[in-house]
Each structure stands twice: as C-alpha cells, then as structure tokens.
Amino acid sequence: MSKIIIATANKGKAKEFEKIFAKFNIEVATLADFPEIGEIEETGTTFAENAALKAETVASVLNQTVIADDSGLIVDALDGAPGVYSARYAGIAHDDAKNNEKLLKNLEGVEPDKRTARFHCTLAVATPSEKTSFYTGEVEGVIAEQLCGTNGFGYDPLFFLPEFGLTMAEIPAEKKNEISHRANAIKQLEKDLAEVVEKVTKK
C-alpha cells in the first residue's frame, strides 16, 4: 500500500484524510508520526500561503512529497471572517467550543438569509526542488442559530446544509467525506494523484 504524508497534527483532519484516501488504497501518515518536526506556525494571510508553508517545510525536512491543507470558515456577514484564523478565532488554537461561541455572538441579530457561509480548503502538494501545486474545494451553507449534532469537529455543528436540512455535524461521516470542502479539494487533486503517489513511492 502506498503511503502519503499529510502535514497536519489535527486529529479531526487526519481522520478525514485517512477515510478519503482509503478508497485509493493509500495509507496516510501525519505529523503525529514525526514528533521531531514540531508545530509549524501559520504566518500566512491566505489559505494558499499557509498550506504551502506547511507542505514545503515538512517536504524539506523529510525530503519527500508532502500534502498540506489549510481550511476554514468564510462567513459573508462577517466580511469573510473567521477565514484563515478559523482555528484560533477565539484566541485559543483549536478550542471548538470557544470558537463556536464567538461566532454565534458575532452573528446575533443577523437574519437567516444573511448568514450564508462556506467552508474552504486549499491543498498544497510540495516536493523538494519542484514547484508547489494547489487544489481548492468549497461547500456552501448557512450558519445556524444554535449547535446541532455531535459528529465532525470545528464549526460543523453550526454549518447548516439546506439541501440536507441538517448541519455538517448531523450528517453521517461517510456523507460528509463525499461533500465536504476537503473532499472537493481532493477531487481536484485526483487527476494528478497517480503522479503524486509515484513520487512518494520512489523514495
């Protein structure tokens, strides 16, 4: 089985990548498998900058092809916030409860038809001495007025999908892995996936 490295320490993201890549018979390794690398500070101002920073840093250290993603929630009524700061929106990295609480507070009084939003994902594929490639995916939704569902992570309990009548945290994981922003970005990557896997297996 081929193995590919995903430059993330986020367990929720890692689990999604594992399930999505499993259908291609590709095993996933993450930064949890390489503790010596440590945390990579996301200093970019765009999803692409942060994804490239993570992928290129890890590719350089391990001397092989690496995929990284940077993703987040874009809320129209908040001028695109939380955006690249989604994970640390409330000031503490990866505190889902605090982030959701702040999002609801900032949207108090906003009418349902004005609560449109989208999850965005940019994938960066970095290979030492080669130009980094980018793939993007999005999924459209509306921010609910209260938390619903226990599946998923992050803003999933607030991200309402009108076509399903459910939040992202209420739909089965299998369905989420078909329609999510991350899944849509990987669909864009699919056309080049054989080439990426070939680079990995050469190492």
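Each Cβ is built from the backbone N, Cα and C atoms, and glycine gets one as well.
Residues or ranges marked as substrate binding site in Swiss-Prot (evidence: sequence analysis): T8, A9, N10, K11, G12, K13, S71, F153, G154, Y155, D156, K176, H181, R182. If you look up Swiss-Prot, you'll see E41, D70 marked as Mg(2+) binding site. What Swiss-Prot lists as active site, proton acceptor is D70, and the listing cites sequence analysis.
Here the features listed in Swiss-Prot are painted onto the structure.
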residue: T8; record: substrate binding site; CB count, 10 Å: 23
residue: N10; record: substrate binding site; CB count, 10 Å: 20
residue: G12; record: substrate binding site; CB count, 10 Å: 14
residue: E41; record: Mg(2+) binding site; CB count, 10 Å: 10
residue: D70; record: Mg(2+) binding site; CB count, 10 Å: 26
residue: S71; record: substrate binding site; CB count, 10 Å: 26
residue: G154; record: substrate binding site; CB count, 10 Å: 22
residue: D156; record: substrate binding site; CB count, 10 Å: 24
residue: H181; record: substrate binding site; CB count, 10 Å: 25
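In the three-state DSSP assignment, the secondary structure recorded for D70 (Mg(2+) binding site) is strand. The subset of binding-site residues (N10, G12, G154) lying with their Cα within 10 Å of the Cα of D70 (Mg(2+) binding site) is empty, i.e. none.
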